[in-house]
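What follows is one structure encoded as structure tokens, with my remarks underneath.
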Amino acid sequence: MAIIMGGAIGFEREYKSRPAGMRTHILVCVGATLLALIQEQITSQTVDFAQAQPKLIQILTADQTRIIAQIVSGIGFLGAGTIIMTKQTVKGLTTAASVWAVAAVGIALGSGLYVIAITGFIAIILALAVISYLVPLPRIRRLQVEVEHGEEMITYIQDFLKERQVSIENLDLKITRETVETKRKYLIMFTLTVPKNIDEEKLILELSNNDDILMIQIIE
């Protein structure tokens, strides 16, 4: 069950080309399940030993949450590795959360709490795969453009994007090359909020029709 549930959640992340895919989610879920099973076995053996040796009851302890607590804190470090932060955007939070959540599913499976595990699995799948289609959230994109006539082209691109309801969150401009033989070239990096209904390929195609635009690409 851990392989199936972890793999299903990981497939959704891998399908969207996210840092942690099927293998990572399967390993996390199976690992959490094994550790929870180990904790259950240790607790069971401790109880059996205490019943066989009543004189030792006062000194024997069995903390069922100790290993589970270490799983939760350990997964936090793994999830942090999937988070990428740039000047204006933070990526990987959903993947980090899915890794953490799949560990919780593994803990529930290992503890024998199958109803909780299945309920959690369904909730995670709904959150990752269904909600994004029901709620059309805007996308954050970085548009890199190399142009001549920097200031004029910035104004042109700003007007072009505004007409299409694309919001500019940030703008960086730098000179890329300038020689006696060639004109000054500018590299402009826009951070954009792109509505869900905008076709990105069509947007780039229309923008590239301007002869002063030498190179254009969208960086996710």
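Glycine is treated like the rest: Cβ placed from N, Cα and C.
What TrEMBL annotates here:
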DOMAIN    1-133  domain 'MgtC/SapB/SrpB/YhiD N-terminal'
TRANSMEM  20-38  transmembrane segment
TRANSMEM  67-85  transmembrane segment
TRANSMEM  92-109  transmembrane segment
TRANSMEM  115-135  transmembrane segment
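Here the transmembrane segment (20-38) has Cβ contacts under 8 Å with residues 2-3, 5-7, 9-11, 13-14, 67-68, 70-71, 75, 78, 82, 95, 98-99, 102-111 of the same chain, all six or more residues outside its ends. Under DSSP, the residues of the domain 'MgtC/SapB/SrpB/YhiD N-terminal' (1-133) split into helix, strand and coil as follows: 101 helix, 4 strand, 28 coil.
Residues 1, 5, 8-9, 12-13, 94, 98, 101-102, 104-105, 108-109 of the same chain sit 6 or more residues outside the transmembrane segment (115-135) yet have a Cβ under 8 Å from a Cβ within it. Mean per-residue pLDDT, taken over the domain 'MgtC/SapB/SrpB/YhiD N-terminal' (1-133), amounts to 81.
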